[in-house]
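To start, the structure itself, in structure tokens.
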Amino acid sequence: MKIPLLGLLLLISLVGSPTRAEEGPVCPKTETLSRASFPEGFMFGTATAAFQVEGAVNEGCRGPSLWDIYTKKFPHRVKNHNADEAVDFYHRYKEDIQLMKKLNTDGFRLSISWPRIFPHGRMEKGISKEGVQFYHDLIDELLKNDITPLVTVFHWDTPADLEDEYGGFLSERIVPDFVEYANFTFHEYGDKVKNWITFNEPWVFSRSGYDVGKKAPGRCSPYVKEFGKLCQDGRSGFEPYVVSHNLLVGHAEAVDAFRKCEKCKGGKIGIAHSPAWFEPEDVEGGQATVNRVLDFVIGWHLDPTTFGDYPQSMKDAVGSRLPRFTKAQKAKLKDSTDFVGINYYTSFFAKADQKVDSRNPTWATDALVEFEPKTVDGSIKIGSQPNTAKMAVYAKGLRKLMKYIKDRYNSPEIIITENGYGEDLGDKDTDLSVALNDHNRKYYLQRHLLALNEAICEDKVNVTSYFLWSLMDNFEWQDGYTARFGVYYIDFKNNLTRMEKESAKWLSEFLKPGLKPSKSSKLHEEL
């Protein structure tokens with residue numbers, strides 16, 4: 001049964017157990033969903049990334065990144081936009097931290113820009129003192145306002161000099177350079193920051209950048225649908241596996257350095273993965289298809305950091321195109337995360353692909369799967385999707401994904417490192433009566449927070465934090481500024497003015513500290 005977003009009367013009635021089960025989180029008993037419904041100490045925050053918000057690309061000796069070069073070289077692939085100014089977080093972070101306070105959040109996920117610290121990619125070629133100080137000032141301001149930082153070391157902004165020298169993550173030479181940079185950040189900020197992420201979305205970084213050519217550096221083979229004609233270089237079905245392999249080896253070495261860092265004692269480190277959930281389209285053999293695509297989407301990077309090697313299904317399918325880890329690398333990779341970061345947005349139907357051309361390999365042909373937000377004949381859509389939405393809304397997928405990770409990966413600590421609703425308002429983008437009344441985003445957050453609460457309180461999944469994407473509208477990669485994900489609206493034509501959306505008002509109420517729900521009331525929202 002499909003439930004329309006608009007005109008929906010949403011009734012959220014939540015009954016949690018006040019007593020501890022044999023294992024798992026303890027949830028207070030509440031009648032309505034609020035901050036009070038989550039376990040004691042549960043953190044709520046917002047998330048951003050350096051390239052998407054900072055701007056100031058030519059200040060403080062910052063060097064160019066992969067994405068700076070890409071947006072200038074291929075403007076038609078990013079809506080003719082760039083992030084030279086972005087939302088000017090570099091100069092306005094104090095103002096934006098007050099927006100976080102207004103939301104009643106107590107966490108903030110940020111990323112450090114590698115070329116803002118090492119303009120040319122390596123320490124020996126120079127350190128930007130201003131860049132280093134910027135992150136000190138930002139972290140200090142967060143802590144002064146009782147907001148806990150979660151810091152991502154790499155969020156796709158490879159220094160351009162390393163791209164030019166040896167192809168960035170296409171070369172194993174990236175490993176020592178990344179580890180040097182990561183180790184520098186650990187020792188520089190480790191006494192203030194206790195929560196770290198080495199890499200953001202390795203699946204997206206490798207597949208979108210090096211297999212389908214959708215994101216920087218925009219590499220793919222000519223036979224790839226949609227972007228094949230745009231890609232000037234690349235080798236789909238080969239390069240994404242090389243990139244991820246180097247990334248995983250770099251992660252293991254960086255974690256080894258982190259665990260030896262005296263300043264970092266008591267800290268935690270992980271990777272932010274970006275799996276969707278998948279429902280089987282065909283009943284016969286459907287679950288096998290789902291299991292296979294999950295191996296290729298999340299197991300690709302989570303299996304090595306948990307068990308020390310790639311999923312067997314990937315090794316069988318990809319064969320010699322999938323690099324092999326040495327025994328020493330496997331030993332370092334195994335149990336190399338303290339938590340599993342999850343960026344969840346949407347879900348798909350998965351269907352076995354029987355029409356694979358092995359002469360033109362890609363990640364998708366190796367996975368032997370097709371996935372879409374609707375069935376092949378279009379008769380059934382997964383969840384619901386308003387006309388302006390970037391992705392289908394399917395909160396059940398979040399709960400199912402949490403349970404899957406708990407069961408397959410030995411019940412790890414999980415942090416929701418991103419979750420949010422994106423929309424393209426088209427010609428209504430500057431119509432504030434539309435843009436600020438983002439009821440669909442409010443609905444999305446309500447449904448997903450309810451699903452997350454059920455995963456924690458009923459399924460006993462060990463989720464400890466939730467970070468909303470995003471604090472504010474920003475540069476959304478290939479979509480430029482046309483896709484809005486923020487709970488604060490950015491007026492890109494009027495001094496980057498920040499404006500509160502309806503979702504921000506709702507979230508602020510939801511997160512009010514000490515809020516106790518009325519015993520006789522339930523939450524009704526006219527959407």
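Cβ coordinates come from backbone N, Cα and C, glycine included.
In Swiss-Prot, the beta-D-glucoside site is described by Gln52, His155, Asn200, Glu201, Glu418, Trp469, Glu476, Trp477, Phe485, and among Tyr310, Tyr345 the residue recorded at this site is Tyr345. It is 524-527, from the ranges 76-79, 156-159, 524-527, that Swiss-Prot records as motif 'Prevents secretion from ER'. Here Cys220 is paired by Swiss-Prot through a disulfide bond, and of Cys231, Cys261 its partner is Cys231.
If you compare Cα positions, Asn462 (N-linked glycosylation site) sits closest to Glu418 out of the recorded positions Asn183, Cys231, Glu418. Considering only the recorded positions Cys231, Glu418, Asn495, the residue whose Cα is spatially closest to the Cα of Asn183 (N-linked glycosylation site) is Glu418.
All protein chains shown were included, and the count of other CB atoms within 10 Å of the CB of Asn495 (N-linked glycosylation site) stands at 8. Counting every protein chain shown, 30 other Cβ atoms lie within 10 Å of the Cβ of Cys220 (disulfide bond). Residue density at Glu418 (active site, nucleophile): 24 other Cβ atoms are found within 10 A of its Cβ, drawing on all protein chains shown.
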